[in-house]
Amino acid sequence: MAALRALCRLRGAAAQVLRPGAGVRLPIQPSRGARQWQPDVEWAEQYGGAVMYPTKETAHWKPPPWNDVDPPKDTLVSNLTLNFGPQHPAAHGVLRLVMELSGEMVRKCDPHIGLLHRGTEKLIEYKTYLQALPYFDRLDYVSMMCNEQAYSLAVEKLLNIQPPPRAQWIRVLFGEITRLLNHIMAVTTHALDIGAMTPFFWMFEEREKMFEFYERVSGARMHAAYVRPGGVHQDLPLGLMDDIYEFSKNFSLRIDELEEMLTNNRIWRNRTVDIGIVTAEDALNYGFSGVMLRGSGIQWDLRKTQPYDVYDQVEFDVPIGSRGDCYDRYLCRVEEMRQSIRIISQCLNKMPPGEIKVDDAKVSPPKRAEMKTSMESLIHHFKLYTEGYQVPPGATYTAIEAPKGEFGVYLVSDGSSRPYRCKIKAPGFAHLAGLDKMSKGHMLADVVAIIGTQDIVFGEVDR
């Protein structure tokens, strides 16, 4: 800058400069009489900054020190935000997770739900009590008859009726078959997500046999609409109880094969032990139920504590975990399958003869044979299936021990043939709320294992 100032003081051709590398002073010769422009002090100050066209913002910029002594400024490192699902095969339906990752460590896990919302609770308000029943098959579409059982018990409580003993035993029988269906799906797809393919193929063969039992008793493989207010739709066909007995006799061997594949498998233990730990306190605070609660060491099973139908007449044990991790919950589900086999065999041995519907013509439709001969029965059938039956005003909360946890139905009647309000309490909703707590600090791959152990189905979460 000092050299520029000295240069600007010189005028005209008398200005002389030193050519680099030579000691000879040469006069500056203006070309064709034109005066040669030289940068002055103002120009150098204006354009000598950080940018070519400075502004107020750039005026405050200071050049960094050109050495390695001064430490660089601390910079903020932001975590990676990742979308998991909803099209991911391990998302078990339409789960979308917005995860915050630090490297491969999960810092935050935010579930976004509602992608399978169908407005079930509102639709039920526009249907009769019988027409509302099939909606429950489509909530937790892996354990269909358990959902029907909860709704039927709620309607029966409002009607103040009790189904005959045979109907109650059939309900318990198929409730435990449904529990087997659900736990096979839960355990094998959990293993499939982690990378064990064999149990999935082995156990789904058994699952197919149980779907055949569904089909023989109701005509449908999945959405049965078999358990109805007042009893069940129709009696067991001939030979079905023998086939269920043969199935249950051999099914414990299939469970042994499943445990042989997984229980002491080194890779399975590495992927599940100490993953997704839930303490007993957290399980209660989050409102967990079912295996998610029992895996943490709390022995709570509505079939024992608040028995419904004929669960007070069957003997079974309630398995609980000790650590509250994925491995304990897996062991609980496997043991529950063994206990379900015990209950099924007791149901087959204690199945009484008799009616399968309540003896109340205002609730139960007449038999097909009567409709063919009696005009009054035909009219009665028509009125029941078009207008439905009136339910006395009242409200009830009825809960059962569904395979995933406590499935509750809060039913309000205003005295008409349609429910005034039907609120459904799904166990998977509370479990999904605890996903952030369970997955924090784990690796990204462990989130898949945690979703699998929660046994989430989005039909009931989104409703």
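Note: Cβ is positioned from N, Cα and C throughout, glycine not excepted.
Under the heading [4Fe-4S] cluster binding site, Swiss-Prot lists CYS326, CYS332, CYS347. Taken residue by residue with DSSP, CYS347 ([4Fe-4S] cluster binding site) is part of a helix. Long-range Cβ proximity for CYS347 ([4Fe-4S] cluster binding site), meaning a same-chain Cβ under 8 A and a gap of 6 or more residues, is found for TRP169, VAL172, LEU173, GLU176, VAL314.
Secondary structure at LYS62 (N6-acetyllysine), taken from DSSP and collapsed to helix, strand or coil, is coil. Residues or ranges marked as N6-acetyllysine by Swiss-Prot on the basis of similarity to another entry: LYS62.
Among the features that Swiss-Prot reports, symmetric dimethylarginine is placed at ARG118. There are 13 other Cβ atoms within 10 Å of the Cβ belonging to ARG118 (symmetric dimethylarginine).
Positions annotated as transit peptide by Swiss-Prot: 1-33.
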Pairwise CA distance, CYS326 ([4Fe-4S] cluster binding site) versus ARG118 (symmetric dimethylarginine), rounded so that it is a whole Å: 31
Secondary-structure category, per DSSP, in which CYS326 ([4Fe-4S] cluster binding site) falls: helix
ARG118 (symmetric dimethylarginine) and LYS62 (N6-acetyllysine), distance between Cα atoms, whole Å: 60
Where ARG118 (symmetric dimethylarginine) falls in three-state DSSP terms: coil
Position of peak Cβ density within 10 Å, selected from the binding-site residues CYS326, CYS332: CYS326
